[in-house]
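**Student:** There's a structure below that I have some questions on.
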Amino acid sequence: MSDTLTEQKPKSVKPPKQKKPASLWSDAWYDLRRSKVFIIAAVMIAVLVVMSIIPGLFSSVNAFDPTTCDLTKARQGVSAAHIFGTDNQGCDTYSRVIYGARISIMVGVFSTLVTTLIGGLLGLLAGFYGRWTDTILSRVAEIFFAIPSTLGALLILALVGRENAGIWTVVVALSVLAWPMVLRIMRAAVMSAKSQDYVLAARALGAGPGRLMGRHILPNALAPVIVVATMNMGVFIAAEAALSFLGVGIQSPDISWGLMIADARNRFLQAPEALLFPALFLSLTVLAFVMLGDAVRDALDPKLR
Amino acid sequence: MGRYVVRRLLQAIPVLLGTTFLIFTLVYWLPGDPIQALAGDRAVDPVFRATMREMFHLDEPLVVQYGYYIQGILSGDFGTTFRGLPVSTIFEGKFQITLNLAMMALVIEAIVGIGLGLIAALRRGKAADTAILAFTLLLVSIPTLVSGFVLQLVLGLQLKTSTGIDFFPVAGTSEGWRSYLLPGIVLAGTSIAYLTRLTRTSLMETLRADYVRTAVAKGMPRRRVLGRHALRNSLIPLVTYLGADLGTLMSGAVITETIFNLNGIGRQLVDSVYLSENSVVVGIVTVLVLIFIAANLIVDLLYAVLDPRIRYE
Amino acid sequence: MKNPSVDTHLLPADSGSIGTEPLLAVDNLHVEFTTRQGVARAVNGVSYALNAGETLAVLGESGSGKSVTAQAIMGILDMPPARIPKGEIRFRGTDLLQLSEAQRSQIRGQQIAMIFQDALSALNPVFTVGWQIAEMFRVHKGMSKKAAYAKAVELMDRVRIPAAKQRVNDYPHQFSGGMRQRIMIAMSIALDPDVLIADEPTTALDVTVQAQIMELLAELQRESNMGMILITHDLGVVADVADKIAVMYGGRIVENAPVHDIYRNAAHPYTKGLLESIPRVDMKGQELYAIKGLPPNLLDMPTGCAFHPRCPFRQDDCVTDVPALHEISGTRSSACHYWREVLDGTAG
């Protein structure tokens with residue numbers, strides 16, 4: 001054994017104040033609370049979530065009410081009455097941007113939930129049982145993986161047709177091709193957790209597969225999956241905007257930032273506000289989730305820093 | 001090496017069959033009437049419908065239909081357009097545009113991504129490193145949708161009106177390679193961020209490697225330790241990432257081509273989606289997926305050339 | 001040589017013979033690492049000396065500072081996080097720590113060379129072994145590619161790699177563990193260094209191969225009269241090759257002695273524990289002794305003697321007073337308050 005310090009640092013050196021045995025999770029939480037990136041991201045996300053649940057808190061104008069739009073005031077710039085200006089239909093851009101948060105957050109959350117549950121469960125099975133279970137699941141995942149997910153989602157939504165498109169079809173279309181990534185990560189994490197001594201010991205003591213997976217393997221394989229899930233949230237939100245922009249995702253009268261960008265596109269040079277504000281919110285939302293993912297990764301896996 | 005290549009080629013076959021089958025099944029199962037789509041909004045004559053169903057084998061079982069589809073792909077037939085032309089004729093000229101765009105993006109990505117990544121790794125923990133990491137965070141967070149329009153506005157138009165510099169054409173391909181500059185930057189955006197981070201971690205990892213310490217202990221000058229011993233090893237994942245990214249960039253060009261009015265296959269895809277020309281949509285997606293798989297295959301072979309541990313497996 | 005000015009006026013070739021100055025002398029060396037949790041003092045005032053043709057074995061467990069000291073001699077510590085606040089490392093009378101980085105890289109590989117524990121990771125996987133050995137001649141001696149490769153084959157022959165001519169273009173992973181370590185050795189002796197530091201050169205190898213490698217090292221040393229520092233945690237390896245032993249614990253030297261003296265009788269409880277934990281044929285059937293407890297935490301060193309929490313002979317002053325390195329004879333010393341008692345077996 002080489003005795004360079006860098007190697008033995010993690011083992012012998014613990015934060016001196018901590019009394020109880022520091023687990024991965026309590027260590028991670030300790031790190032997170034001290035991370036500026038995490039706090040900024042968490043605050044941004046909290047605001048977005050509130051915005052998507054109770055948009056009325058942020059905007060006195062109900063963006064779903066068509067009577068609030070005034071065609072004679074279309075494509076106005078920033079003013080006191082319309083702080084983000086107005087769009088092609090003369091609707092208030094600010095209230096539409098606020099009301100648009102809901103779709104983004106919902107698509108992000110639900111696509112992440114679906115892919116993490118499916119990919120995570122299958123990854124757990126593939127990693128735990130190995131052999132033919134693993135071979136079959138991995139091969140199938142490889143096939144789904146070979147189709148770039150936005151392209152695949154575009155195909156699915158194009159086939160489903162605009163008349164059937166909506167938030168749930170978008171969630172399904174995004175999830176169908178994105179779960180294999182979670183499977184791969186979960187599988188790798190389970191396989192490495194499986195060969196740890198304490199799991200071998202538990203197995204030797206007669207723990208059944210359910211108990212092994214639930215009590216011993218899953219808690220130790222969860223970290224990388226959580227990191228990827230957090231990061232995927234931002235990816236899904238951006239993908240939803242892209243699909244809606246292309247006309248196959250969310251359809252009017254629902255409000256989506258991608259749809260708003262598409263609507264404002266043709267008059268972009270005359271009235272850039274109607275495009276730039278939803279674009280800004282979209283970027284900030286993605287940024288919040290990317291930052292959160294970064295902070296969580298740093299906390300859960302300091303090696304990757 | 002030979003065995004590795006053969007094995008990797010054989011491994012690609014089930015993936016090819018699987019993906020094409022997946023695409024085909026999606027078409028088969030999902031709602032939507034292909035004949036109706038062919039006719040647009042007009043009513044369809046029942047006799048015509050029957051002939052078409054017969055002609056496209058729509059009444060055969062799934063597997064048989066898939067057989068015809070694969071047979072078509074193998075003979076270069078990716079389906080038929082609205083006007084009865086083979087989908088492959090649509091690719092003429094358009095494929096070149098998309099490839100140009102992807103190559104431009106790849107070059108920008110390689111220069112900027114590897115450059116920033118090297119600086120960050122060598123200045124680890126310093127201000128430059130922090131700034132570069134923050135920049136990548138920003139890059140990842142700005143969707144193509146946003147960066148496309150913003151750069152079009154700022155670099156393409158405001159730069160021209162305020163300084164008279166007209167260097168970045170904002171639409172079309174009439175200006176030769178310069179036409180691809182701005183869309184190339186936009187398309188490369190997210191990839192630049194990933195490549196920067198990959199370069200940084202890869203170089204940091206090799207700098208910690210025992211063989212780098214050996215090179216120092218051999219009395220090699222710092223330039224040689226970095227340029228020969230460390231870089232040669234950290235380049236392996238970077239080159240493979242770039243190779244695989246060509247496929248990603250080509251299939252990701254849809255939005256960029258739409259924003260910048262480039263008449264490539266991405267834009268054709270969007271137009272066909274808009275016209276509900278599903279046979280063309282499926283044809284284009286199939287081609288892009290095949291390119292994506294091929295790029296990954298080539299990368300794996302490239303890996304063997306670069307890493308002797310795999311070459312002599 | 002690329003930079004002749006360095007070795008003419010900084011490193012006079014014959015200064016080793018002037019007076020009593022040894023070939024290499026480490027003097028009161030301190031090394032510390034800045035970590036997130038605080039400053040870890042890895043080496044706390046280590047001194048040892050090495051003469052030409054001599055083998056010094058540095059013994060100790062992980063974290064004792066034996067490798068860090070060696071890396072400080074080579075100048076391959078990452079600084080930061082490492083720092084050398086105090087001490088000298090004199091090579092032929094010149095303090096290496098005062099030299100510039102360029103001057104040091106002239107000494108590294110040419111005058112002081114090093115062999116690492118795990119040759120698989122210490123050799124660069126993407127270059128052939130021939131390239132890696134030839135690099136020494138090409139960079140340091142400015143030789144042509146062809147001449148350098150011829151030299152590489154010669155060296156591979158010298159470390160007894162079969163069919164060296166055919167294997168010179170093979171990659172490290174194509175060799176067995178023992179052969180890889182031979183390549184590492186070939187590389188290190190390429191330019192006839194005066195000092196060779198071997199950091200656990202046989203730890204990663206099979207027992208049978210271990211003996212062959214140690215034999216090779218001893219033979220090469222006899223041929224070239226180099227001074228060798230052999231770093232190990234394995235007392236068994238040391239007996240046949242070493243002339244003297246320095247035992248390290250918690251960043252300090254706890255015992256210095258000629259090799260035979262130590263095997264006869266330890267003057268420090270830690271050395272005693274190490275000796276008793278070697279399996280021996282004449283003690284068959286008896287329970288093997290193991291030193292109780294864990295190595296000290298470098299961030300939070302025990303007060304007094306660093307070994308006191310594990311010492312079976314501990315007295316009250318061991319907890320409060322740091323023992324000095326007491327001279328026992330001209331060649332022997334021990335950092336134990338009760339070395340006399342330990343030595344004649346009356347301690348405890």
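Heads up, the Cβ atoms here are built off N, Cα and C, so glycines get one too.
Take a look at what TrEMBL says about it:
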- A:1-10: compositional bias 'Basic and acidic residues' (COMPBIAS)
- A:1-21: region 'Disordered' (REGION)
- A:11-20: compositional bias 'Basic residues' (COMPBIAS)
- A:37-58: transmembrane segment (TRANSMEM)
- A:101-293: domain 'ABC transmembrane type-1' (DOMAIN)
- A:103-128: transmembrane segment (TRANSMEM)
- A:140-160: transmembrane segment (TRANSMEM)
- A:166-186: transmembrane segment (TRANSMEM)
- A:221-250: transmembrane segment (TRANSMEM)
- A:275-296: transmembrane segment (TRANSMEM)
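Tell me what's around each of these sites.
**Tutor:** Sequence-distant contacts of the transmembrane segment (A:37-58), counting only residues of its own chain at least 6 positions beyond either end whose CB sits under 8 Å from a CB of the stretch, comprise 95, 98-99, 101-102, 104-106, 284-285, 287-289, 291-292, 294-296, 299.
Distant neighbours of the transmembrane segment (A:140-160): 122, 169-170, 172-174, 176-181, 183-184, 239, 242-243, 246, 248-249; these residues of the same chain sit at least 6 beyond its ends, with a Cβ under 8 Å from one of its Cβ atoms.
Counting only same-chain residues 6+ beyond the ends of the transmembrane segment (A:166-186), those with a CB under 8 A from a CB of the stretch are 103, 106-107, 110-111, 114-116, 118-120, 122-124, 126-127, 137-138, 140-142, 144-145, 147-149, 152-153, 156-157, 160, 221, 224-225, 228-229, 232, 236, 239-240, 243-244, 249-251, 254.
When Cβ-Cβ distances below 8 Å are used as the criterion, the transmembrane segment (A:221-250) is approached by residues 24, 28, 103-105, 107-109, 111-112, 115-116, 120, 123-124, 127, 149-150, 153-154, 157-158, 162, 165-167, 170, 173-174, 178, 181-182, 185-186, 188-190, 192-193, 256-259, 261-262, 282, 285-290, 292-293, 296-297, 300-301 of the same chain, each at least six residues removed from its ends.
Long-range contacts of the transmembrane segment (A:275-296) within the same chain: residues 28, 32, 35, 37-38, 40-42, 44-45, 48, 84-85, 93-94, 96-97, 100-101, 104-105, 108, 226-228, 230-231, 233-234, 237-238, 241, 257-258, 260-261, 264-265, 268, each at least 6 residues beyond the stretch ends and with a Cβ under 8 Å from a Cβ of the stretch.
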